[in-house]
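This report refers to the structure that appears directly beneath it.
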Amino acid sequence: MVVSVRSWVANEGGKHFVLILWLGVNTWLFISSFLLYFTGQEYHYLYKMLGLGLCISRASASVLNLNCSLVLLPMCRSLVTFVRGTRTISSRKTRRLLDKCKTFHVACGVAICIFSVMHVSAHLVNVVRFSVRYSDDFPALNLARYRGEDPMLIILTTIPGVTGVLLVLILFLMFISSSYCVRMSNYEIFWYTHNLFIVFYVILMMHMVGGALKYQTNVEAHPPGCFRANQSSTEQQGDELDTSEEEERRCSEDAHFQPHYPQTWLWVSGPLCLYCVERFYRYIQSRDPVTIVTVIRHPCDVVELRMLKKNFKARPGQYILLNCPGVSSFENHPFTLTMCPTENKETLGIHLRVVGDWTERFTQLLLPEPRIDMEILPMAQQRRYPKVYVDGPFGGPSEEVFNYDVSLCVAGGIGVTPFACVLRALLDGWMGFRLQRLYFVWVCKELQSFYWFAELLCALHHKLWNENRPDYFNVKLYISQPDSLQILRTPPTRGRCFTDREKLQRSLKCSCWHITLRAQPQHVFQTVPLNRLTQLCPALVAFKLDTTLL
């Protein structure tokens, strides 16, 4: 139990601390803004007109300002990669937190959606009350032009109303297209609607220009509830007061009201400028197309792409964003590097699985169907590759494999690509890392999938064997669909081949416990989804929870 708690604190404590801190700041902002408008003397007359709708709308606006500024920071990929790579700045716990950047981005997005609903609902109530509770005593406080004005007309004829409607429409499109089903079925919709954030921020900074809500500027000369020159104490209070008391509460001047100075840009401008500078830097870095060296078609609809790019430096475990104008000029798709440039070889490589419209069209451009009437020419003259631009590299969790004495890597299918680059680094003789032993578990549906990196696995095994380090690298390969084994005419001569799901789970349990007895891994890296991992290897999941990071 003590080990489990210590392990949870080491693995998940930092993430939950940041989450609690973020929730605490949001709560503090909401409550403090609510109380300011509820008890503030400068908002006395506005509160009498609008009621709690004023407090809720402004409190939710404060939370929206915070999250609209924070939501951009996790998407500054170059900045996050720089912090991750600076060992003097970022510790291991900090780098583990940086792995959750996307999760924090989603959390901020959900908070924006929730508090936007609250903000819009409160303002709809405010618009109705502006119309119904029109103030004849303080005309400057009114948003409506006359008592009983149509609330819809107020919304459509004011800058805050029109910009608010546009913001709601854009946010609704971004929220719907961000759902899992839309992203999986049509990634292009998600990509294009998500880029509406530029329009969103421009309209957001215009939202407060109209000055719908006003505060009193002369509270000392006109205390809230004082008697005006043409108003008696009986009319104000309904009871008689002494002349001295009446004189003390007499207003020295009429109330003056002024719109709030727009504050949204104070929250948003810093992160927005940082994001724009980062994007401009990435554009400069990726403006030149790469040179495609080789395209290899592998079994199970996997294509390997090897490229050359000037001054490109990357570490194992990082990923790049690929852009092909021949398919789509605005879409960038992430792919993990399976080959990093070295001193002897400047080639970088990726493996992509042909699933979806973009990868299908991209593969057709890379490997077009041969034409029957085409004259036979040498391969160098036949092949014309499309223009491809590479943005990156960017940091990923798999970079940390080398920073532990013992690491356990678990991959499912094409999710092996981050670890392929790690294995290639070991094969190329990378030095100066801490890793002393690596366990590698790879689960695939079909036997042919192992051919993607069969040469790499054999070459690394042969290299370590010749260096008299056979225990440095331990491999476990498993197949989840036994139908693919029917292509084998003869049974394998070495090793065991597990086909039955029950046997597979038993073998995984045995191998997991075998691993724990030989060496205690300090970190578990997985690319297979957790629910899939639970079905195939429950022992690995339990083992991960009991692993303590040192």
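Glycine is treated like the rest: Cβ placed from N, Cα and C.
Over in TrEMBL, the protein carries these features:
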- 16-39: transmembrane segment (TRANSMEM)
- 59-83: transmembrane segment (TRANSMEM)
- 104-132: transmembrane segment (TRANSMEM)
- 152-177: transmembrane segment (TRANSMEM)
- 189-209: transmembrane segment (TRANSMEM)
- 226-249: region 'Disordered' (REGION)
- 237-246: compositional bias 'Acidic residues' (COMPBIAS)
- 285-400: domain 'FAD-binding FR-type' (DOMAIN)
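The highest tally of CB pairs under 8 A with the transmembrane segment (189-209), across 16-39, 59-83, 152-177, is held by 152-177. Just going by CB pairs under 8 A, the stretch in 59-83, 104-132, 152-177 that sits most against the transmembrane segment (16-39) is 59-83. Under DSSP, residues within the domain 'FAD-binding FR-type' (285-400) fall into helix, strand and coil as 19 helix, 40 strand, 57 coil.
Across the domain 'FAD-binding FR-type' (285-400), the prediction's mean pLDDT works out to 82.
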